[in-house]
Structure formats: structure tokens, C-alpha cells
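Inspection log for the structure reproduced underneath, given as C-alpha cells.
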Amino acid sequence: MRFTSFRARFIVLSIIVCISGFSQGMLLPLISFIFESRGISATLSGFHTAGLYLGVFISSFLIEAPMRKYGYQKLIVFGGLFVGVSLFLFPILDSIMFWFILRVIIGIADNVLHMSTQTWLTSTTPQHKIGKVIAVYGLFFSLGFMIGPKVADLVVYGTHVPFVLSSVITMLAWPLIFTLKGASEAKPDSDNVPITLLSTLTNFKTVIVYGWAALMFPMLYGFYESSLNSNFPVFAMRNGFEISQVTWILPMFNLGAILFQLPIGALGD
């Protein structure tokens, strides 16, 4: 069955971005738990965490041209497929170096998935509803991010368990994109201006020059999010907390985001 309505598209894209948040929310504390149990230093664990965000950073400069050329659906398929396969490979390629590479790949794929769904949604949402719609969309991402640490808790049954489970969930979610009629033709509006790396960098420069103050807040949030979900588990375990306790504490930080998403979106409208 194929769906054509905005509501159907909104639901499918929200489910997909929920899985994007879930994979990040699971991966950050999970690898911290594993590294700590293996006696790997907190410094190395912190540098290793940067691999995920390195992938996000790299893909941010490269995603514009493929999105305009291939459309949203193909990039969502690419992102979902690479996230699912990479998660499955973690227990197979069990080494610090390979895990760093897989983290970079997941960072790239997750950002492609996230940016494709978000751009598609914002470009097709009625202007008077955009605040509320993006708030609910963000709520789904936060919900996935909140569930992630509880799946990481399954590491006590075996290192492979949370990786395989999250891989299966991811591979079940992104194919929902094929239920949307006309998804294969959906692309950003083209202004017929060639997209190059130089033009992308120029656009980034313009945004930073005019919007640096607004960009400070998401940058601070990113710092808080990454340090909390990767460093706090190490701190907690070294101070006598059990993994099950840590995986209940971490979601509580995201609960605030969930509670305030809709009111903030409504105020924005």
C-alpha cells in the first residue's frame, strides 16, 4: 500500500528519524560501557567518541549536491542501509580501529538520514504549522535517543546483543520510505545553480557570519549531549553505579527535551 498524504509522510519520516536518534543514543553509552569494562582509558574513549561526530561534520559539507541530484528517498535508503550494516559489523570487527571507522561511517549515514528527512519535511510543511511539525519531529528523535541507552543495557547478556538488535530495528524502519507514493521523485527545489564544494563552503561562511549567535546554542547542546552520553557512563561506573542504573539516568536528561518540544513549537508558530 502506498500513501500520499502529508500526515502519512510525516509519520513515516518521524519513525525513521526516531531510529536515527535511537542508534546514536544506544551507541554512545554502549561503547563507553564496553571500553570501561576492558580497561581502556577515558581519554582514548573520548577521542573514539569523536568519530561519530567527525562523520557528521564531514557529511555536512558533502550532502547538498547528492540530495539535489538523487532526491530524498535514495539518501534515506543509503543512510538507513549503512547504519544498519555498520551496527551489525561491530561484534564481527571487534577492534578499536575498526570500531572508530564504523563510528565515522554511522556518523555520515546518520546525518544523511537525518538531513534528508528534515529537509523533506520542512520543505513540504505549511508555513503556519512548521513550528509544531518540527517540534513533533524533534520529539521523535529525542524519544529514540532516550530509548537507546536502555538497549545498551543488554550488553550484560553479551557484547553482540545490543548491536544486533539495533541493527535489526534499523533495517526494519527505513524501508517504510517505500510506502510513500512519489517519494522517488521528491527533491529539493532547484535554482539551476551548480553545486560544488566551494559553493557549499561559501554558503556555510554566509550562514556563520549572519547567524553565529544562533549557532552557538546548538553547538553548546552538541557538547553537552556528547559529553553526557559518552563521559558520564565512565564517571558513573567508576563511582560504583551499575550499568542498569546508568541506563535509567541517561534517558532522564532527554525527558526534558520531550516535555518541552511541543510547547516550544507552538510558541514558534
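Note: Cβ is positioned from N, Cα and C throughout, glycine not excepted.
Residues or ranges marked as domain 'Major facilitator superfamily (MFS) profile' in TrEMBL: 9-269. Among the features that TrEMBL reports, transmembrane segment is placed at 12-34, 40-63, 75-102, 130-147, 154-177, 207-224, 245-264.
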(request) Using a Cβ cut-off of under 8 Å, list the residues of the same chain at least 6 residues beyond the transmembrane segment (154-177) that approach it. (result) 12, 15-16, 18-19, 22-23, 26-27, 30, 33-34, 73, 76-77, 79-81, 83-85, 87-88, 90-91, 94, 113, 148, 183, 243-244
(message) So if I exclude everything within five residues of the ends of the transmembrane segment (207-224), which remaining residues of that chain have a CB under 8 angstroms from its CBs? That is, six or more out.
(response) 53
